[in-house]
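Listed in Swiss-Prot:
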type	residues	note
ACT_SITE	Asp285	active site, proton acceptor
BINDING	Val124, Ala125, Ser126, Ala127, Ser128, Ile129, Ala130, Gln131, Val132, Lys150	ATP binding site
DOMAIN	118-500	domain 'Protein kinase'
TRANSMEM	501-521	transmembrane segment
Amino acid sequence: MRIFRFVKIVFTVIRFGLDEVMLSRIENPRVKLLLRITTIGRRFADPPAVRLRRALESLGPIFVKFGQVLSTRRDLLPVDFANELAKLQDQVPPFDSAVAIAIVEKSLGARIDVLFDEFERVPVASASIAQVHFAKLKQGEHKGKAVAVKVLRPNMLPVIDSDLALMRDIATWAERLWADGRRLKPREVVAEFDKYLHDELDLMREAANGSQLRRNFAGLDLLLVPEMFWDYSTPAVLVMERMTGVPISQVDTLRAAGVDIPKLAREGVEIFFTQVFRDGFFHADMHPGNIQVSLDPKHFGRYIALDFGIVGALSDFDKNYLAQNFLAFFKRDYHRVATLHLESGWVPPDTRVEELESAIRAVCEPYFDRALKDISLGQVLMRLFSTSRRFNVEIQPQLVLLQKTMLNVEGLGRSLDPELDLWKTAKPYLERWMTEQIGLRGWYERFKVEAPQWSKTLPQLPRLVHQALISHHEAPRAISDDLIRQILVEQRRTNRLLQALLVFGLAVGAGAVIARVLIVLAYGG
């Protein structure tokens, strides 16, 4: 079976002239000669990027998905290829509704007419992984509730595993034969896609993502997220609250309904930066197909988020990296940008900060020929990542995913309001983050988090130091790396504790002095 699939892939490559694209990048002389023979006498009207998109479409939904994921790696691909792959649509004909009903009944352990008052047999949406039916719940406290039922396609795993095995083989050969193979790391890209695809095959994971996002925005008048019904959800079936709205792309319809379009554009950016800098958890598939706007009088003009299969998570370190880079960029402090890359630990130790600074200046300085409101933060990140790649900087996958999402959000915002000033909207979030991290509040919050661990580990520090000294005396060259790392970790924790105690003590002391002055002023001593 795999051999036939492989033959089809080879013929597709030749049919769309992708061997011509490969020819210029292949190093092996024999393979290069073979490719020259296959390209004799052929002419193609479409550019290579378009031919790649069409080839992936002809190979089926799994390769379409791969192209979509590949389009997010703008740090690896030329701009024209990334833009063309972003046009790939994950739309396939629906599977038989009788099969969908059978999957629901098997997964939930009851007949469809016992579970639902109504179940629309014609799906409202169909993609490569699942399709969606509208229904109404029949039982319990949610009786009569309108829901959307997402059903996983049957027998997907064998197809996916077969195609992934071929992709791994192709990636291995590409890494050996292609001039850019090592730099582009095709095996890592396929491994990333493997994880992403298998995550999508578990609808409980998507439900958990949606539930987290809903909880994060509870009480904020910004974003509506459907409620997940856990009693009706399994890895193969997801039942969530049905929400209806107007697709964000239908701007004329929204304007005619009375929606404030410039406000909508600003709030879209606010939602994104709230997810990034407050929550460290963001919806990473915010294209127009997954975003609607409510016209319900109760929630008029609010965003509705759908499809939670792809999310990103950021650590405090990631958020600090982003905030400081953006602030340094807009101050044109390229030395600081270069230093931040070195401090991240993702740069080879022999990298010269002056060379990195010069390269960053060369790609960033041209942005300042335009107004601040016209600068794309996503493009800035993309250029920084591309420059970093030349210095063998290992850009973290979550930051690449964030950059792709940021481009989507910017495109969405500017399609609504071409005058949208992204920097004006983003700057307060960046400055608030830095204030909270560096200021007294940040120290206090970190002290609360770390205090229990410190109280447990601090008493062990003298023993660890003693052990290290004894070991060094008995075998000067035999101190284990693990022990050294452990000592350094404890030392850093101790330093943080002492710093926090110092700040806390200064704050208490300052408070006491101020209180004393107020008493003197009020009562005359």
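For all residues, glycine too, the Cβ spot is worked out from N, Cα and C.
As the structure is a computational prediction, the values presented were derived from the model and not from experiment.
For the recorded site, Asp285 (active site, proton acceptor), the DSSP three-state label reads coil. Ser126 (ATP binding site) sits 17 Å from Asp285 (active site, proton acceptor), taking the Cα positions as reference. Between the C-alpha atoms of Val124 (ATP binding site) and Asp285 (active site, proton acceptor), the distance comes to 19 Å. Sequence-distant neighbours of Val132 (ATP binding site): residues of the same chain at least 6 apart with a C-beta under 8 Å from its C-beta are Pro123, Val124, Ala125, Ser126, Ala148, Val149, Lys150, Val151. For the binding-site residues Ser126, Ser128, the greatest number of Cβ atoms within 10 Å around a candidate Cβ is found at Ser128. A straight line from the CA of Ser128 (ATP binding site) to the CA of Asp285 (active site, proton acceptor) spans 16 Å. The number of other Cβ atoms within 10 Å of the Cβ belonging to Val124 (ATP binding site), over all protein chains shown, comes to 13.
Calculated from their C-alpha atoms, the gap between Ala130 (ATP binding site) and Asp285 (active site, proton acceptor) amounts to 16 Å. Comparing the recorded positions Ala130, Asp285 on other C-beta atoms within 10 angstroms of each C-beta gives the minimum for Asp285. When averaged over the domain 'Protein kinase' (118-500), pLDDT in the model lands at 82.
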